[in-house]
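Trainee: What TrEMBL shows for this protein is this:
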type     : residues : note
DOMAIN   : 1-388    : domain 'Major facilitator superfamily (MFS) profile'
TRANSMEM : 29-50    : transmembrane segment
TRANSMEM : 62-79    : transmembrane segment
TRANSMEM : 85-108   : transmembrane segment
TRANSMEM : 120-140  : transmembrane segment
TRANSMEM : 146-167  : transmembrane segment
TRANSMEM : 198-220  : transmembrane segment
TRANSMEM : 232-254  : transmembrane segment
TRANSMEM : 266-286  : transmembrane segment
TRANSMEM : 292-310  : transmembrane segment
TRANSMEM : 331-352  : transmembrane segment
TRANSMEM : 358-377  : transmembrane segment
Amino acid sequence: MAAIAAAFGAWSLLLPLLPLAVLDNGGSAGLAGATTGIFMAATVLTQIVTPRLLRSFGYRPVMAGAAFMLGVPALGHLLGMEPWLVLLFCALRGVGFGALTVAESALIAELVPLRYLGKATGMMGVFIGLSQMLFLPAGLAIESAWGFSTAYILAAAMGLFAAIMCIRLPRVRPESKADRAAAREHTDGPPRVAMWKLVLVPALSVTTLSMSYGLVSSFLPASVREIDPVTGAVLGGIMLSLVGGAAMVFRYAAGEFADRTGRPGVLTIPAQILGFAGMGLMAATVAFGWSVWWLVLAAVAFGGAFGVIQNEALLSMFNRLPRENVSEASAVWNIFYDSGTGLGSVVLAALVPLWGYAGAYGAGAFIIIGGVAITGLDRYLGAHRVTEYGNIKTRLKRLRKV
């Protein structure tokens with residue numbers, strides 16, 4: 001957990017700083033935005049191949065290398081703010097972030113017994129959330145006091161520390177494809193249904209909320225400033241912290257609930273409805289100029305819902321897939337999470353000039369409602385789902401009930 005917290009701290013430290021550094025050095029707003037865009041593109045591309053890397057090399061070297069790549073290339077920003085330099089080192093850091101996010105969740109699932117998996121994934125969310133809440137504002141404070149160079153050096157040091165901590169991880173290696181194929185040949189069980197059919201709906205539940213999160217993280221401070229021009233920027237930063245804090249607390253609580261009940265996914269629809277209410281309240285508050293305190297309530301509601309969905313979706317994937325597929329489940333979860341965040345910050349953000357902040361928030365709310373419909377249909381079909389082809393025993397049981 002210390003390695004994960006340090007690595008995410010290195011990422012959080014530079015997340016708000018690099019666009020600011022580009023602008024301060026005379027770069028365009030497009031280049032400033034591209035620092036995040038190229039980072040996320042490299043992240044998603046790396047997440048696709050990380051399960052294969054884990055099977056080939058194991059968790060320890062992959063996570064150590066990922067933590068190193070996430071932090072140490074920050075030193076490259078000391079060379080200057082030329083566009084190709086900035087984007088190159090952002091892409092290198094994105095490679096580290098992509099591998100780390102997949103490996104961390106998969107390693108938790110490999111090490112922790114199933115009955116404690118909900119609490120373990122929730123605790124991982126707590127460490128990540130605390131790291132983000134601490135280092136997102138810390139990066140701006142360090143830049144104000146000592147300049148950008150100090151922040152780059154600190155981020156590199158934190159990444160190096162995380163890499164050293166990863167070396168101390170236990171030796172765990174997922175089964176290779178050859179091992180899994182050999183195991184299937186020696187068992188009498190029928191083949192399982194394609195993985196995507198089992199994980200698509202939980203993945204989409206993450207995407208529908210992460211799209212709104214991408215919008216909120218980009219425009220909540222600006223929309224608060226419209227309501228309160230004097231203290232709006234400060235309040236907006238506080239509200240973003242509230243979103244992260246609520247997500248952290250609710251994610252842990254959802255994990256404990258899943259462990260007690262043994263039924264991951266039960267809280268998905270209630271959380272989606274809560275997320276819809278939070279986004280709807282944001283839209284109404286901005287549209288009608290209500291008190292800024294309604295935005296505080298909306299931020300807590302949306303953040304809490306997002307935290308629950310993160311844990312429920314991940315646990316549902318782990319529950320639906322065989323134990324040997326945890327790295328693939330983690331990769332799918334992270335890809336849909338990060339892709340949704342990127343889509344929200346681009347697609348929903350494009351609605352702001354047309355419909356204003358209220359219209360964009362409202363569109364995010366309706367996307368979440370679409371996710372409720374998909375999850376509800378999946379829950380109905382899930383009562384009749386057969387996860388293996390040719391499962392004669394299950395089909396005979398059904399016939400007896402008719």
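Glycine too: its Cβ is placed from the backbone N, Cα and C atoms.
Because TrEMBL annotations are produced automatically, they should be read as predictions rather than curated entries.
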Trainee: State the mean pLDDT for the domain 'Major facilitator superfamily (MFS) profile' (1-388).
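Mentor: Looking only at the domain 'Major facilitator superfamily (MFS) profile' (1-388), pLDDT averages out to 83.
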Trainee: If contact means at least 3 Cβ pairs within less than 8 Å, sequence distance 6 or more, would you call the transmembrane segment (85-108) and the transmembrane segment (331-352) in contact?
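Mentor: These two segments touch.
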Trainee: Look over the recorded stretches 62-79, 232-254, 266-286, 292-310, 331-352 and say which has the most C-beta pairs under 8 A to the transmembrane segment (120-140).
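Mentor: The listed stretch sharing the most Cβ pairs with the transmembrane segment (120-140) is 232-254.
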Trainee: Near the transmembrane segment (198-220), which residues from the same chain, at least 6 beyond its ends, have a CB less than 8 A from one of its CBs?
Mentor: 236, 239-240, 243, 265, 268, 272, 275, 279, 282, 295, 299, 302, 305-306, 309-310, 312-314, 316-317, 320-321, 329, 332-333, 335-349, 352, 357, 360-361, 364-365, 367-368, 370-371, 374-375, 378, 387
